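Novice: Dumping what Swiss-Prot says about this protein:
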- 1-40: region 'E7 terminal domain' (REGION)
- 24-28: motif 'LXCXE motif' (MOTIF)
- 70-78: motif 'Nuclear export signal' (MOTIF)
- 52-88: zinc finger (ZN_FING)
Amino acid sequence: MIGKEATIPDIVLELQQLVQPTDLHCYEELSEEETETEEEPRRIPYKIVAPCCFCGSKLRLIVLATHAGIRSQEELLLGEVQLVCPNCREKLRHD
C-alpha cells in the first residue's frame, strides 16, 4: 500500500495472500473395530399372563421382546388377538 489511504487493488492483494486452498478430502482410515455397526435392539424376557377367551383359564407365555415389541404385543392382546387354551382348542377342532 502506497499513500495514506488503502485502494481496492491493495485490499484484494492482501486477501489473496490470506486465502489458501484447503483439501476437503479425508484420507483417514478406520480400523474394523472403529466402524460403526447398528446394534440390535436388546431383547428382554417377559412373562405374559392372559385369560383364555372361552373359559377364562390363565395362560402363561414367556417371550423375548424389545420394549417396542412388548408394547405391540400388549396392544394386540387387548384388541384384535385372543388366546385359546389347549382344552378349548380341542373343543374348537371337534365342532
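Placement of Cβ uses the backbone N, Cα and C atoms for every residue, glycine included.
So where do these features actually land, and what's packed around them?
Specialist: With a cut-off of 8 Å between Cβ atoms, none of the residues of this chain six or more beyond the motif 'LXCXE motif' (24-28) come close.
Within the chain, the motif 'Nuclear export signal' (70-78) has long-range Cβ neighbours (under 8 A, six or more residues past its boundaries) at 44, 46, 48, 50, 63.
Taken together, the residues in the zinc finger (52-88) have a mean pLDDT of 95 on the 0 to 100 scale.
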